[in-house]
Amino acid sequence: MRPHRGVIEEEDASTLKLGADFQDAHCLFVSEVKILLDASQRPNTSEVYQKSLNYVTQFNRFTNPDVVREVRAGMNEEPIHSLLTVFELAQLANLCCEEAEEAKALIPSLATKIDDDTLQNFLNQTLDLKKFQS
């Protein structure tokens with residue numbers, strides 16, 4: 001819980017109450033952050049930078065930048081784009097779930113927002129991209 005203008009605001013990612021700081025934030029998924037860190041032109045040897053790079057290297061699901069762009073493009077297609085928030089879409093890309101049921105268990109806010117068939121189609125497209133990256 002955080003005080004915000006005299007009102008205590010309870011944050012809960014499972015219900016998408018992320019707090020005022022994240023109200024209009026654009027979410028990147030781990031593979032996009034990896035690309036940004038790799039493209040950094042200035043050498044950065046700070047401990048935070050190195051830990052961040054290690055994290056995204058370990059949990060990077062999409063190693064090909066073209067595939068990362070394709071995944072992001074898929075997130076911007078209908079109906080998925082209008083049904084889910086950018087936070088939910090980023091989580092789907094990070095988790096790479098194989099089944100709609102698994103995705104809904106890991107991201108509880110999906111349960112009432114998207115039907116299993118639509119979600120499964122998106123997951124299948126994402127998994128196909130992951131499978132065929134070189």
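Just so you know, glycine gets a Cβ as well, placed from its N, Cα and C.
Automated prediction, rather than curation, is the source of TrEMBL annotations.
As the structure is a computational prediction, the values presented were derived from the model and not from experiment.
For 20-133, the entry in TrEMBL reads domain 'RNA polymerase Rpb4/RPC9 core'.
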The domain 'RNA polymerase Rpb4/RPC9 core' (20-133), counted residue by residue under DSSP: helix, strand, coil: 77 helix, 0 strand, 37 coil
Mean of the pLDDT scores, which run from 0 to 100, over the domain 'RNA polymerase Rpb4/RPC9 core' (20-133): 92
